[in-house]
Each structure stands twice: as structure tokens, then as C-alpha cells.
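**Student:** Under the heading active site, schiff-base intermediate with DXP, Swiss-Prot lists Lys132. Residues annotated as 1-deoxy-D-xylulose 5-phosphate binding site in Swiss-Prot, with sequence analysis given as evidence: Gly193, Ala219, Gly220, Asn241, Thr242.
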Amino acid sequence: MARTTYKETALDEGDQLEIVHFIGGGDRSDPQPADDPFTVAGRVFSSRLLVGTGKYRDFEETARAIEASGAEIVTVAVRRVNVSDPSQPMLVDYVDPAKYTYLPNTAGCFTADEAVRTLRLAREAGGWSLVKLEVLGDQRTLYPNMAETFLAAEALIRDGFEVMVYCADDPIAAKRLEDMGCVAIMPLGSLIGSGLGIINPYTIRLIKESVSVPVLVDAGVGTASDAAVAMELGCDGVLMNTAIAQAKDPVRMARAMRLAIEAGRLSYQAGRMPRKLYADPSSPLAGLI
């Protein structure tokens, strides 16, 4: 139901009412240089690091880690409100939607219908049209179900959503999603929460070369060097959650990730030296004593 129709809509016998809010799912100082902004769906950001809000010990730690990361976009999951205990803390009390861009996601959805319904609820609850779509294949791998992802993306785009999409590291699928109208392609580096890093850097690079919309590595980052590798491959950004939230010191790891993203981006822009089979001395031989 659209918010604009609330006043004139009456509940009938047997109707069910769902009240939802946003939960953790998935330092604004020292951002990326102003001359190298990250742009998605016409929105401009300083930071190329996107962070999830789940798996932390509490909301206080969540807020401190996000602040240290420098991220401006935070992913949130949509869940039913516990109306029996309204005193329970809520994410919005700690992570201000006026300060950060909330990116509602479909974490936990295994069908296109579930994903579409979840994001429609998110739009009604918060008014957000920029969303992250993920349709999972099974509980064991949380690998993307691409058939259902295509169906959900088509329905959401038709409904006016701007879709950032979690997908397999498949350049053909990525191109199809771009052609459908997705505003960002988000291939997994490795399985969600695995910390295995980027298993197939070659296919990530192929995806980057195949599409013109932003490409962000989503899932699998375990430590700062993984984030730097993603950026050195030419990716436009990285989304992560577990690597920060499950670190021994999440706030310190968040800062490490911020620096890794910046270092990887600068390295990509600078261009690495060519690989050589044999040695090449740094000091000139002319004038050797």
C-alpha cells in the first residue's frame, strides 16, 4: 500500500498488517579525493567503500565501525517490527538515515517474488528507490540464483527502482543485467561471509571491461589486501560486512578497509609496472666503480 493512500484506507476483517523496519544486514573524515567521486544512478559519493550493518556485537559498535570506514552508503535488511517490545533498539537510532544513504537489500530472499515484495515494502517504509537486489540459490552457499535474479530485476526496474544487483562472476550475465537497466553490477568475489578473497580475478576484470555501469565486488572480502586487489582490478568500489564486523577489532579493521580502498584505487590509476621475466637493476650501470 502506498503511503499516500494511508488516510483513506480502512482495514477490513481478516486483513493483515505488516510493520517493518530496517536492521543490520548486510568516519566520514578523510574521504576519497573530491576529484575522483563514485557515481551510481546519478548520485555522487566520496567513498568507494560500501558497508553492511549486520553481525556486529551491538548497534554502538556498528555505528563506530561505519564512522571509521568513511562509508556513505550502508546496506540494511528489511524485517518485521517486534510490536510486542517497542523498547527494542533500532538501527535508525544509531545510524542516521539523514547522514548515510540507506541501501535496502533483499538478504534472505530465495525467490524473485520474495525479493520484489521486500523492496516494495522498503520503498513504502523509507521512500528509497536505490536498492540492492540479491536472490540466493541455497542456504549453504548463498550463491546467486541468476534465473530468479533476472526475473526480479526486470520487475523492479519496471516498477521504477534503481537496482544494484548481486550476481555471479559471469561477464555474459553481467552484460545482460546492464542491458536490462541495472545501475550497478556486483559480482561476488567468493561466497558471502567466507573471507576467501577474490577467487576469480580474471572474470571480475572481464566484467569490468564488459559493462559501462559501476562494478563493485560484493562478498568474500576477508582483509584489507582483498579490498586493495579488487580496486587494482579496476572495480569502482567494494561492498563488505563480515570482514569488518567479525574482525577482532571491527573499528580498526574498518579504518584499514578505508585505506585499502583508497590505496587500491590510486594504484589502479597510477598503472603498475610491466611484469618481466628477468631482473632489471634499479641503479644505472654507467659510472660503476
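Every residue, even glycine, has its Cβ placed from backbone N, Cα and C.
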**Student:** Among all the protein chains here, how many other CB atoms are within 10 A of the CB of Gly193 (1-deoxy-D-xylulose 5-phosphate binding site)?
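**Tutor:** A 10 Å sphere around the Cβ of Gly193 (1-deoxy-D-xylulose 5-phosphate binding site) contains 17 other Cβ atoms.
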**Student:** I'd like to know which of these binding-site residues, Asn241, Thr242, is least surrounded, judged by other CB atoms within 10 A.
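**Tutor:** Fewest other Cβ atoms within 10 Å, among the binding-site residues Asn241, Thr242, is found for Thr242.
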**Student:** When you measure from the Cβ of Gly220 (1-deoxy-D-xylulose 5-phosphate binding site), which residues in the chain that are at least 6 apart have a Cβ under 8 Å away?
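**Tutor:** Gly220 (1-deoxy-D-xylulose 5-phosphate binding site) has long-range Cβ partners Leu188, Gly189, Ser190, Leu191, Ile192, Ser194, Gly195, Leu196, Gly197, Ile198, Ile199, Asp226.
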**Student:** What does DSSP assign Gly220 (1-deoxy-D-xylulose 5-phosphate binding site), in three states?
**Tutor:** coil
**Student:** Once the DSSP letters are reduced so that anything not helix or strand counts as coil, what is Lys132 (active site, schiff-base intermediate with DXP)?
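**Tutor:** Lys132 (active site, schiff-base intermediate with DXP) sits in a strand per DSSP.
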**Student:** List the Cα distance (Å, whole number) between Asn241 (1-deoxy-D-xylulose 5-phosphate binding site) and Lys132 (active site, schiff-base intermediate with DXP).
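**Tutor:** On Cα coordinates alone, these residues lie 14 Å apart.
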**Student:** Across the record's 1-deoxy-D-xylulose 5-phosphate-binding residues Gly193, Ala219, Gly220, Asn241, Thr242, the largest CA-CA distance in angstrom?
**Tutor:** 9
**Student:** Measuring Cα to Cα, tell me the gap between Thr242 (1-deoxy-D-xylulose 5-phosphate binding site) and the residue listed as 'active site, schiff-base intermediate with DXP' in whole angstrom.
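**Tutor:** Distance between the two Cα atoms comes out at 17 Å.
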**Student:** According to DSSP, which kind of secondary structure is Thr242 (1-deoxy-D-xylulose 5-phosphate binding site) found in, if we only use helix, strand and coil?
**Tutor:** helix
**Student:** Can you tell me the CA-to-CA distance separating Ala219 (1-deoxy-D-xylulose 5-phosphate binding site) and the residue listed as 'active site, schiff-base intermediate with DXP', as a whole number of Å?
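**Tutor:** Counting only the Cα atoms, the answer is 13 Å.
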**Student:** Around the C-beta of Lys132 (active site, schiff-base intermediate with DXP), how many further C-beta atoms are within 10 angstroms, looking at every protein chain?
**Tutor:** 27
